């Protein structure tokens, strides 16, 4: 025991604690800074004190703010909930709505301590307040999208209605055509009994002037000319009077015909959404070959060299068959300078051979030169191999 006391005294002397103060520890009460040696040593050492936690009450939670109150990690703010909870602790979380919350907040409101401006709860509330304008902007965007959706629905309904009107106008147009045929027959029967003097016709009904004569090279293509219609003939009278009678007798029919024509023209200008959206589900994508890594495989085109015998022979044969199949009238005036195998052009005068035969002989010479050159190239390649 004496050894332990000596060790304690040496330790106290080392830290600078007087022995008289140690003796007073046993006589004092069990609270304060003198109740243990550890507290006394900690008081003597130049240590920075730790920040003390500040307990505060969380305000009333409702259904709107419950999702924005932070994480599920427990903290010192959950102590009052645990102490005052009447139900099982495993059935409740911090973000849930508690029973009798208003009564609890009114009871613990006067006991609320001073808030630390750097506490996590205050920072959490500030972030929630900062998020409010973002939520309002999102609500405005959703409202704008809903308005646009209603506008699109109204447009689709209008398009469907116009399609139905178009079908109805088509059916009515068939009925009007039948009525016109019957009226035309009646007017033709009436016109057979009418006769009009040539002096009573207006001056606007005159024969058109004759067309100018065509040049002699196109005279064979000119259609046969018909004699001009006399202004006093009965045919014009018969054709004009029924039209005037029909316009006088049926003005309402003409107006309805014009209105139906304008409506059908408008319906043709507007595209039909039903036809556009009809084949949306039938779209099929083309299968693309991919490598094991997932990249699409692109087929490389074969680059034919200029001295490849196969390409030379195929080019010569193409020229030959193209020359045989081409029967245009410009074939005689075509020059041979574009061909890479052509010989220098000589004068075409003084030859007894016709022009077509000369062209054929030149083409055969070009083809034979190309074939000979291709065979020589293949022999060179085989000798090198």
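Cβ atoms here come from the backbone N, Cα and C positions, even for glycine.
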With respect to Swiss-Prot, which of the residues 207, 291 bears the note phosphoserine?
291
According to Swiss-Prot, region 'Disordered' applies to one of these ranges: 298-330, 331-363. Which one is it?
331-363
List the residues of the same chain that sit at least 6 positions away from residue 2 (N-acetylserine) in sequence and have their Cβ under 8 Å from its Cβ, in sequence order, or write 'none'.
none
Run through the Cβ atoms and count how many others sit within 10 Å of the one on residue 291 (phosphoserine).
8
